[in-house]
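J.: Quick paste from TrEMBL:
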- ARG47: NADP(+) binding site (BINDING)
- HIS125, PHE126, SER127, GLY290, ARG332: FMN binding site (BINDING)
Amino acid sequence: MSGIFGENIKVSIFGESHGGGIGVTLHGLPSGVALDMEAISREMARRAPGGSPLSTARSEADEPEILSGFFNGFTTGTPLTALIRNRDTRSRDYAQLQDTVRPGHADYTGAVRYAGFQDYRGGGHFSGRITAPLVFAGAVCKQILKRKGVVIGAHILSIHAVQDRALEIETCTEQILAGFAGQELPVLDAQAGAAMREAILEAKKQGDSVGGVIECAAVGLAAGIGDPFFDSVESVLSHILFAIPGVKGVAFGGGFAMASQRGSQCNDPFYYDGQGRVRTRTNVNGGVNGGITNGMPLCFQVACRPTASIAKEQDTVSLEKKQPAKLIVHGRHDPCIVPRAVPVVEAAAAIAILDMMGGRRA
Ligand SMILES: Cc1cc2nc3c(=O)[nH]c(=O)nc-3n(C[C@H](O)[C@H](O)[C@H](O)COP(=O)(O)O)c2cc1C
Ligand SMILES: C=C(O[C@@H]1CC(C(=O)O)=C[C@@H](OP(=O)(O)O)[C@H]1O)C(=O)O
(Lines of atoms letter the chains of each structure in order from A and count residues from 1; the text may use other names and numbers.)
(Lines give C-alpha, C1' and ligand atoms only; values in the text may rest on other atoms or scores of the structure.)
(Ligands and ions follow the chains in the order given, each with its own letter.)
Protein backbone atom coordinates (compact mmCIF):
# COMPACT_ATOMS: atom_id res chain seq x y z
CA MET A 1 0.00 0.00 0.00
CA SER A 2 1.08 3.64 -0.33
CA GLY A 3 1.07 5.74 2.82
CA ILE A 4 2.49 8.77 1.00
CA PHE A 5 0.82 12.00 -0.14
CA GLY A 6 2.25 15.00 -1.96
CA GLU A 7 4.72 16.17 -4.59
CA ASN A 8 6.77 18.93 -2.97
CA ILE A 9 5.96 18.33 0.68
CA LYS A 10 5.67 14.55 0.94
CA VAL A 11 3.81 13.26 3.98
CA SER A 12 4.10 9.59 4.90
CA ILE A 13 1.91 8.07 7.61
CA PHE A 14 2.43 4.85 9.54
CA GLY A 15 0.98 2.84 12.41
CA GLU A 16 -2.04 0.98 13.70
CA SER A 17 -4.55 2.01 16.35
CA HIS A 18 -3.58 -0.76 18.82
CA GLY A 19 0.08 -1.20 17.79
CA GLY A 20 3.03 0.42 19.56
CA GLY A 21 2.42 3.81 18.00
CA ILE A 22 1.46 5.88 15.01
CA GLY A 23 3.43 8.59 13.25
CA VAL A 24 4.40 10.66 10.28
CA THR A 25 7.42 11.81 8.30
CA LEU A 26 7.41 15.10 6.40
CA HIS A 27 9.85 15.29 3.48
CA GLY A 28 10.72 18.50 1.64
CA LEU A 29 10.28 21.02 4.45
CA PRO A 30 12.49 24.09 4.35
CA SER A 31 15.29 24.34 6.94
CA GLY A 32 15.30 27.05 9.60
CA VAL A 33 11.56 27.03 10.38
CA ALA A 34 11.05 27.75 14.08
CA LEU A 35 8.32 25.41 15.28
CA ASP A 36 5.96 26.53 18.04
CA MET A 37 5.58 23.24 19.93
CA GLU A 38 2.77 24.61 22.11
CA ALA A 39 0.74 25.49 19.04
CA ILE A 40 1.30 21.94 17.75
CA SER A 41 0.13 20.49 21.11
CA ARG A 42 -3.02 22.66 20.98
CA GLU A 43 -3.84 21.28 17.53
CA MET A 44 -3.26 17.71 18.73
CA ALA A 45 -5.55 18.33 21.75
CA ARG A 46 -8.39 19.53 19.49
CA ARG A 47 -8.50 16.07 17.87
CA ALA A 48 -7.40 13.81 20.75
CA PRO A 49 -9.96 11.27 21.98
CA GLY A 50 -11.51 11.23 25.47
CA GLY A 51 -12.62 13.80 27.98
CA SER A 52 -16.00 14.67 26.47
CA PRO A 53 -19.38 12.87 26.23
CA LEU A 54 -19.29 13.80 22.51
CA SER A 55 -16.13 11.70 22.03
CA THR A 56 -15.03 8.07 22.30
CA ALA A 57 -14.06 7.19 25.89
CA ARG A 58 -10.59 6.07 24.77
CA SER A 59 -8.20 8.53 26.35
CA GLU A 60 -4.92 9.39 24.64
CA ALA A 61 -2.63 12.32 25.38
CA ASP A 62 -1.38 12.31 21.76
CA GLU A 63 1.93 13.94 22.64
CA PRO A 64 4.17 13.78 19.59
CA GLU A 65 7.76 12.74 20.14
CA ILE A 66 9.96 14.30 17.45
CA LEU A 67 12.62 11.82 16.34
CA SER A 68 14.34 13.65 13.49
CA GLY A 69 14.54 16.80 11.40
CA PHE A 70 14.30 19.26 14.32
CA PHE A 71 17.30 20.71 16.19
CA ASN A 72 17.69 23.67 18.56
CA GLY A 73 14.11 24.78 17.92
CA PHE A 74 14.32 24.81 14.09
CA THR A 75 13.62 22.40 11.26
CA THR A 76 16.85 21.06 9.78
CA GLY A 77 15.44 20.49 6.27
CA THR A 78 15.92 16.72 6.58
CA PRO A 79 12.89 14.42 7.07
CA LEU A 80 10.88 15.46 10.15
CA THR A 81 9.48 12.41 11.94
CA ALA A 82 7.05 12.41 14.86
CA LEU A 83 5.92 9.36 16.84
CA ILE A 84 2.75 9.18 18.94
CA ARG A 85 2.56 6.21 21.30
CA ASN A 86 -0.71 4.30 21.73
CA ARG A 87 -1.46 4.00 25.44
CA ASP A 88 -5.16 3.32 26.12
CA THR A 89 -5.80 0.32 23.87
CA ARG A 90 -8.44 -2.26 24.83
CA SER A 91 -8.05 -4.88 22.14
CA ARG A 92 -10.53 -7.38 23.64
CA ASP A 93 -13.34 -5.19 22.22
CA TYR A 94 -12.22 -6.35 18.76
CA ALA A 95 -11.87 -10.12 19.35
CA GLN A 96 -15.21 -10.97 17.66
CA LEU A 97 -14.90 -8.40 14.85
CA GLN A 98 -12.29 -10.32 12.89
CA ASP A 99 -14.99 -12.91 12.24
CA THR A 100 -18.31 -11.03 12.52
CA VAL A 101 -17.29 -7.96 10.56
CA ARG A 102 -18.81 -4.54 11.27
CA PRO A 103 -21.18 -3.19 8.60
CA GLY A 104 -19.91 0.19 7.40
CA HIS A 105 -16.37 -0.25 8.76
CA ALA A 106 -13.29 -1.68 7.04
CA ASP A 107 -13.16 -5.08 8.82
CA TYR A 108 -14.41 -7.01 5.76
CA THR A 109 -12.61 -5.08 3.01
CA GLY A 110 -9.37 -5.00 5.04
CA ALA A 111 -9.53 -8.79 5.52
CA VAL A 112 -10.08 -9.34 1.78
CA ARG A 113 -7.40 -6.85 0.67
CA TYR A 114 -4.72 -8.09 3.07
CA ALA A 115 -5.75 -11.76 3.10
CA GLY A 116 -6.41 -11.78 6.85
CA PHE A 117 -2.95 -10.45 7.79
CA GLN A 118 -4.22 -6.95 8.63
CA ASP A 119 -4.09 -5.77 12.26
CA TYR A 120 -7.84 -5.69 12.91
CA ARG A 121 -7.51 -4.43 16.51
CA GLY A 122 -9.10 -1.00 16.84
CA GLY A 123 -9.56 -0.85 13.07
CA GLY A 124 -5.76 -1.07 12.64
CA HIS A 125 -4.47 1.24 9.93
CA PHE A 126 -8.07 2.05 8.89
CA SER A 127 -8.78 3.73 12.24
CA GLY A 128 -9.63 7.38 12.61
CA ARG A 129 -6.74 7.34 15.06
CA ILE A 130 -4.33 7.54 12.11
CA THR A 131 -5.52 11.13 11.68
CA ALA A 132 -3.46 12.14 14.77
CA PRO A 133 -0.20 12.11 12.75
CA LEU A 134 -2.01 14.00 9.97
CA VAL A 135 -2.88 16.73 12.49
CA PHE A 136 0.79 16.91 13.54
CA ALA A 137 1.86 17.32 9.90
CA GLY A 138 -0.90 19.86 9.33
CA ALA A 139 0.12 21.86 12.40
CA VAL A 140 3.66 22.16 11.01
CA CYS A 141 2.35 23.17 7.56
CA LYS A 142 -0.08 25.69 9.14
CA GLN A 143 2.82 27.45 10.86
CA ILE A 144 4.72 27.75 7.56
CA LEU A 145 1.56 28.93 5.78
CA LYS A 146 0.81 31.53 8.46
CA ARG A 147 4.18 33.15 7.77
CA LYS A 148 3.13 33.37 4.13
CA GLY A 149 -0.13 35.06 5.17
CA VAL A 150 -2.37 32.01 4.68
CA VAL A 151 -4.84 31.08 7.44
CA ILE A 152 -7.12 28.04 7.43
CA GLY A 153 -10.17 27.40 9.61
CA ALA A 154 -13.17 25.09 9.62
CA HIS A 155 -16.54 24.94 11.34
CA ILE A 156 -19.37 22.45 11.56
CA LEU A 157 -21.89 23.33 8.86
CA SER A 158 -24.34 20.64 9.96
CA ILE A 159 -24.84 17.67 12.24
CA HIS A 160 -27.72 15.39 11.29
CA ALA A 161 -30.60 17.88 10.67
CA VAL A 162 -29.06 20.85 12.54
CA GLN A 163 -27.53 23.59 10.35
CA ASP A 164 -25.04 26.32 11.14
CA ARG A 165 -24.78 29.49 8.98
CA ALA A 166 -22.54 28.98 5.94
CA LEU A 167 -19.32 30.97 5.56
CA GLU A 168 -19.67 34.09 3.36
CA ILE A 169 -16.99 36.43 2.00
CA GLU A 170 -17.60 38.68 5.04
CA THR A 171 -17.15 35.84 7.56
CA CYS A 172 -14.04 34.44 5.86
CA THR A 173 -11.71 36.59 7.96
CA GLU A 174 -8.47 35.46 9.60
CA GLN A 175 -9.94 36.25 13.00
CA ILE A 176 -13.13 34.21 12.55
CA LEU A 177 -11.31 31.27 10.94
CA ALA A 178 -8.61 31.17 13.64
CA GLY A 179 -11.28 31.54 16.36
CA PHE A 180 -12.93 28.21 15.46
CA ALA A 181 -10.02 26.38 17.14
CA GLY A 182 -11.16 27.57 20.57
CA GLN A 183 -14.64 25.98 20.37
CA GLU A 184 -15.51 22.35 21.15
CA LEU A 185 -18.23 22.53 18.49
CA PRO A 186 -16.94 25.27 16.18
CA VAL A 187 -19.90 27.17 14.71
CA LEU A 188 -20.90 30.66 13.63
CA ASP A 189 -24.29 30.41 15.35
CA ALA A 190 -23.98 29.38 19.03
CA GLN A 191 -27.62 28.18 19.11
CA ALA A 192 -26.90 25.77 16.29
CA GLY A 193 -23.91 24.50 18.29
CA ALA A 194 -26.11 23.77 21.31
CA ALA A 195 -28.65 21.94 19.13
CA MET A 196 -25.84 19.91 17.52
CA ARG A 197 -24.65 18.81 20.95
CA GLU A 198 -28.19 17.63 21.75
CA ALA A 199 -28.46 15.75 18.44
CA ILE A 200 -25.21 13.88 19.15
CA LEU A 201 -26.16 13.03 22.75
CA GLU A 202 -29.65 11.89 21.69
CA ALA A 203 -28.23 9.52 19.05
CA LYS A 204 -25.71 8.21 21.59
CA LYS A 205 -28.48 7.57 24.13
CA GLN A 206 -30.23 5.43 21.51
CA GLY A 207 -27.07 3.42 20.79
CA ASP A 208 -26.84 5.13 17.41
CA SER A 209 -24.64 7.72 15.68
CA VAL A 210 -24.93 10.83 13.48
CA GLY A 211 -22.86 12.43 10.72
CA GLY A 212 -22.52 15.91 9.35
CA VAL A 213 -20.76 18.41 7.12
CA ILE A 214 -17.59 20.39 7.86
CA GLU A 215 -17.00 23.64 5.99
CA CYS A 216 -13.41 24.82 5.64
CA ALA A 217 -11.86 27.98 4.21
CA ALA A 218 -8.35 29.25 3.50
CA VAL A 219 -7.70 32.98 3.23
CA GLY A 220 -4.62 34.89 2.12
CA LEU A 221 -3.99 32.67 -0.89
CA ALA A 222 -2.64 34.43 -3.96
CA ALA A 223 -4.33 33.95 -7.32
CA GLY A 224 -2.54 31.45 -9.55
CA ILE A 225 -1.95 28.38 -7.35
CA GLY A 226 -2.77 24.99 -8.88
CA ASP A 227 -2.72 23.50 -12.35
CA PRO A 228 -5.51 22.45 -14.68
CA PHE A 229 -6.64 18.85 -15.03
CA PHE A 230 -5.04 16.21 -12.74
CA ASP A 231 -3.36 18.66 -10.38
CA SER A 232 -6.29 21.04 -10.06
CA VAL A 233 -6.75 22.55 -6.58
CA GLU A 234 -9.98 20.54 -6.27
CA SER A 235 -8.25 17.28 -7.33
CA VAL A 236 -5.33 17.63 -4.91
CA LEU A 237 -7.53 18.64 -1.98
CA SER A 238 -10.07 15.88 -2.70
CA HIS A 239 -7.24 13.31 -2.81
CA ILE A 240 -6.21 14.03 0.78
CA LEU A 241 -9.71 14.81 2.13
CA PHE A 242 -11.10 11.47 0.95
CA ALA A 243 -8.21 9.76 2.76
CA ILE A 244 -9.79 10.81 6.08
CA PRO A 245 -11.72 7.79 7.38
CA GLY A 246 -15.47 8.38 7.29
CA VAL A 247 -15.40 11.14 4.62
CA LYS A 248 -18.02 10.45 1.94
CA GLY A 249 -18.34 13.73 0.09
CA VAL A 250 -16.27 16.77 -0.89
CA ALA A 251 -17.66 19.84 -2.66
CA PHE A 252 -16.22 23.25 -3.55
CA GLY A 253 -18.03 26.57 -3.28
CA GLY A 254 -21.72 26.13 -4.13
CA GLY A 255 -21.03 22.43 -4.87
CA PHE A 256 -23.97 20.26 -5.87
CA ALA A 257 -26.44 23.14 -5.48
CA MET A 258 -24.80 24.81 -8.50
CA ALA A 259 -26.13 22.02 -10.70
CA SER A 260 -29.70 23.29 -10.33
CA GLN A 261 -28.86 26.97 -10.72
CA ARG A 262 -28.40 29.24 -13.73
CA GLY A 263 -25.10 30.64 -15.02
CA SER A 264 -26.16 34.12 -13.97
CA GLN A 265 -26.39 32.88 -10.37
CA CYS A 266 -23.04 31.06 -10.42
CA ASN A 267 -20.67 33.46 -12.23
CA ASP A 268 -18.78 35.49 -9.62
CA PRO A 269 -18.53 39.01 -11.11
CA PHE A 270 -15.00 40.48 -11.17
CA TYR A 271 -13.99 43.97 -10.01
CA TYR A 272 -10.83 45.87 -9.05
CA ASP A 273 -10.69 46.51 -5.30
CA GLY A 274 -9.03 49.94 -5.54
CA GLN A 275 -5.61 48.52 -4.62
CA GLY A 276 -5.07 47.02 -8.05
CA ARG A 277 -6.28 43.56 -6.99
CA VAL A 278 -8.86 41.58 -8.94
CA ARG A 279 -11.64 40.35 -6.63
CA THR A 280 -15.09 38.82 -7.14
CA ARG A 281 -18.32 40.19 -5.65
CA THR A 282 -19.62 36.71 -4.80
CA ASN A 283 -17.70 33.47 -4.19
CA VAL A 284 -19.98 30.71 -5.48
CA ASN A 285 -16.95 29.04 -7.10
CA GLY A 286 -15.17 28.77 -3.76
CA GLY A 287 -12.06 30.66 -4.86
CA VAL A 288 -11.14 28.28 -7.70
CA ASN A 289 -11.61 28.64 -11.47
CA GLY A 290 -10.14 26.07 -13.86
CA GLY A 291 -8.39 24.29 -10.98
CA ILE A 292 -6.44 27.46 -10.10
CA THR A 293 -6.98 29.80 -7.14
CA ASN A 294 -8.47 33.20 -8.05
CA GLY A 295 -7.40 35.00 -4.86
CA MET A 296 -10.78 34.78 -3.13
CA PRO A 297 -11.24 32.57 -0.03
CA LEU A 298 -10.81 28.91 -0.95
CA CYS A 299 -13.98 27.34 0.40
CA PHE A 300 -15.08 23.70 0.48
CA GLN A 301 -17.34 21.27 2.36
CA VAL A 302 -16.62 17.75 3.61
CA ALA A 303 -19.42 15.27 4.39
CA CYS A 304 -18.79 12.70 7.14
CA ARG A 305 -20.87 9.56 7.53
CA PRO A 306 -22.47 8.64 10.87
CA THR A 307 -20.03 6.50 12.86
CA ALA A 308 -20.22 2.87 11.71
CA SER A 309 -19.68 1.28 15.15
CA ILE A 310 -23.08 1.57 16.83
CA ALA A 311 -24.54 -0.26 19.82
CA LYS A 312 -27.71 -1.39 18.02
CA GLU A 313 -28.05 -4.98 16.83
CA GLN A 314 -27.07 -5.34 13.16
CA ASP A 315 -27.05 -8.06 10.51
CA THR A 316 -23.65 -9.29 9.43
CA VAL A 317 -21.92 -12.55 8.49
CA SER A 318 -19.46 -14.89 10.18
CA LEU A 319 -16.53 -15.14 7.78
CA GLU A 320 -15.39 -18.33 9.49
CA LYS A 321 -18.74 -20.15 9.44
CA LYS A 322 -19.84 -18.53 6.16
CA GLN A 323 -23.24 -17.94 7.75
CA PRO A 324 -25.46 -15.00 8.67
CA ALA A 325 -24.76 -13.54 12.12
CA LYS A 326 -26.03 -10.84 14.46
CA LEU A 327 -23.66 -8.22 15.83
CA ILE A 328 -23.74 -5.73 18.67
CA VAL A 329 -20.58 -3.63 18.71
CA HIS A 330 -19.18 -3.19 22.20
CA GLY A 331 -16.40 -0.76 22.89
CA ARG A 332 -15.57 2.91 22.90
CA HIS A 333 -16.69 4.87 19.87
CA ASP A 334 -17.39 8.42 18.79
CA PRO A 335 -21.16 8.95 18.60
CA CYS A 336 -20.26 11.47 15.87
CA ILE A 337 -16.85 11.83 14.25
CA VAL A 338 -17.50 15.38 12.97
CA PRO A 339 -16.27 17.45 15.97
CA ARG A 340 -12.94 15.61 16.08
CA ALA A 341 -12.64 15.59 12.28
CA VAL A 342 -12.71 19.41 12.10
CA PRO A 343 -8.99 19.86 12.96
CA VAL A 344 -8.22 16.91 10.68
CA VAL A 345 -9.87 18.64 7.71
CA GLU A 346 -7.91 21.83 8.47
CA ALA A 347 -4.68 19.80 8.70
CA ALA A 348 -5.35 18.01 5.41
CA ALA A 349 -6.04 21.36 3.73
CA ALA A 350 -2.81 22.85 5.14
CA ILE A 351 -0.72 19.93 3.83
CA ALA A 352 -2.29 20.05 0.36
CA ILE A 353 -2.12 23.84 0.06
CA LEU A 354 1.54 24.03 1.16
CA ASP A 355 2.32 21.22 -1.26
CA MET A 356 0.66 23.10 -4.13
CA MET A 357 2.44 26.33 -3.19
CA GLY A 358 5.77 24.50 -3.39
CA GLY A 359 5.29 23.96 -7.10
CA ARG A 360 6.78 25.79 -10.04
CA ARG A 361 4.67 28.90 -9.50
CA ALA A 362 5.54 29.41 -5.79
C1 LIG B 1 -11.37 11.42 14.09
C2 LIG B 1 -12.12 10.19 13.66
C3 LIG B 1 -12.69 9.37 14.63
C4 LIG B 1 -13.40 8.24 14.26
N5 LIG B 1 -13.96 7.47 15.23
C6 LIG B 1 -14.64 6.34 14.89
C7 LIG B 1 -15.18 5.51 15.89
O8 LIG B 1 -15.06 5.77 17.10
N9 LIG B 1 -15.83 4.39 15.50
C10 LIG B 1 -16.01 4.07 14.17
O11 LIG B 1 -16.61 3.07 13.86
N12 LIG B 1 -15.51 4.87 13.20
C13 LIG B 1 -14.83 5.98 13.53
N14 LIG B 1 -14.29 6.77 12.53
C15 LIG B 1 -14.54 6.45 11.11
C16 LIG B 1 -13.93 5.12 10.68
O17 LIG B 1 -12.55 5.09 10.92
C18 LIG B 1 -14.24 4.87 9.19
O19 LIG B 1 -15.63 4.94 8.97
C20 LIG B 1 -13.75 3.48 8.76
O21 LIG B 1 -12.33 3.47 8.73
C22 LIG B 1 -14.22 3.09 7.36
O23 LIG B 1 -13.81 4.03 6.41
P24 LIG B 1 -14.87 4.81 5.48
O25 LIG B 1 -15.99 5.26 6.36
O26 LIG B 1 -14.09 5.95 4.92
O27 LIG B 1 -15.34 3.83 4.46
C28 LIG B 1 -13.54 7.90 12.88
C29 LIG B 1 -12.95 8.73 11.93
C30 LIG B 1 -12.25 9.87 12.30
C31 LIG B 1 -11.66 10.74 11.24
C1 LIG C 1 -8.54 6.26 19.21
C2 LIG C 1 -9.14 7.12 18.42
O3 LIG C 1 -10.39 6.95 17.90
C4 LIG C 1 -10.81 5.64 17.60
C5 LIG C 1 -11.28 5.62 16.17
C6 LIG C 1 -11.98 4.38 15.83
C7 LIG C 1 -12.20 4.08 14.41
O8 LIG C 1 -12.74 2.99 14.11
O9 LIG C 1 -11.90 4.91 13.54
C10 LIG C 1 -12.48 3.53 16.81
C11 LIG C 1 -12.21 3.73 18.25
O12 LIG C 1 -11.06 2.99 18.59
P13 LIG C 1 -10.86 2.16 19.95
O14 LIG C 1 -11.86 1.06 19.94
O15 LIG C 1 -9.46 1.70 19.93
O16 LIG C 1 -11.11 3.12 21.08
C17 LIG C 1 -11.95 5.20 18.54
O18 LIG C 1 -11.61 5.39 19.88
C19 LIG C 1 -8.49 8.36 17.97
O20 LIG C 1 -9.09 9.03 17.13
O21 LIG C 1 -7.38 8.67 18.47
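Just so you know, glycine gets a Cβ as well, placed from its N, Cα and C.
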J.: When you look at HIS125, PHE126, SER127, GLY290, ARG332, which the record names as binding FMN, what is the longest CA to CA distance in angstrom?
T.: 44
J.: Sequence gap of 6 or more, Cβ distance under 8 Å: name the residues on the same chain that satisfy this around SER127 (FMN binding site), in order along the sequence.
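T.: Same-chain residues close to SER127 (FMN binding site) (Cβ under 8 Å, separated by 6 or more) are GLU16, SER17, PRO245.
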J.: Provide the number of Cβ atoms within 10 Å of the Cβ of ARG332 (FMN binding site), excluding the reference atom itself.
T.: 16
J.: Given the binding-site residues ARG47, HIS125, which one's Cβ is surrounded by the fewest other Cβ atoms within 10 Å?
T.: HIS125
J.: Can you tell me which of these binding-site residues sit near ligand 2, meaning the Cβ is under 6 Å from at least one of its atoms: ARG47, HIS125, PHE126, SER127, GLY290?
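T.: Among the binding-site residues listed, those whose Cβ sits under 6 Å from ligand 2 are SER127.
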J.: Using Cβ-Cβ distances, find the residues under 8 Å from GLY290 (FMN binding site) that belong to the same chain and are at least 6 apart in sequence, listing them in sequence order.
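T.: Spatial neighbours, sequence-distant, of GLY290 (FMN binding site): PRO228, SER232.
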J.: List those of the binding-site residues HIS125, GLY290, ARG332 whose Cβ lies under 6 Å from any atom of ligand 1, in sequence order, or write none if there are none.
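T.: Close enough to ligand 1 is none of the binding-site residues.
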J.: What are the non-local neighbours of PHE126 (FMN binding site), defined as same-chain residues 6+ apart in sequence with CB under 8 A from its CB?
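T.: Within the chain, PHE126 (FMN binding site) has Cβ neighbours under 8 Å at HIS105, ALA106, GLY110, PRO245.
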J.: If one measures from the C-alpha of the residue listed as 'NADP(+) binding site' to the C-alpha of ARG332 (FMN binding site), what distance in angstrom results, rounded to a whole number?
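T.: Checking the Cα atoms of the residue listed as 'NADP(+) binding site' and ARG332 (FMN binding site) gives a distance of 16 Å.
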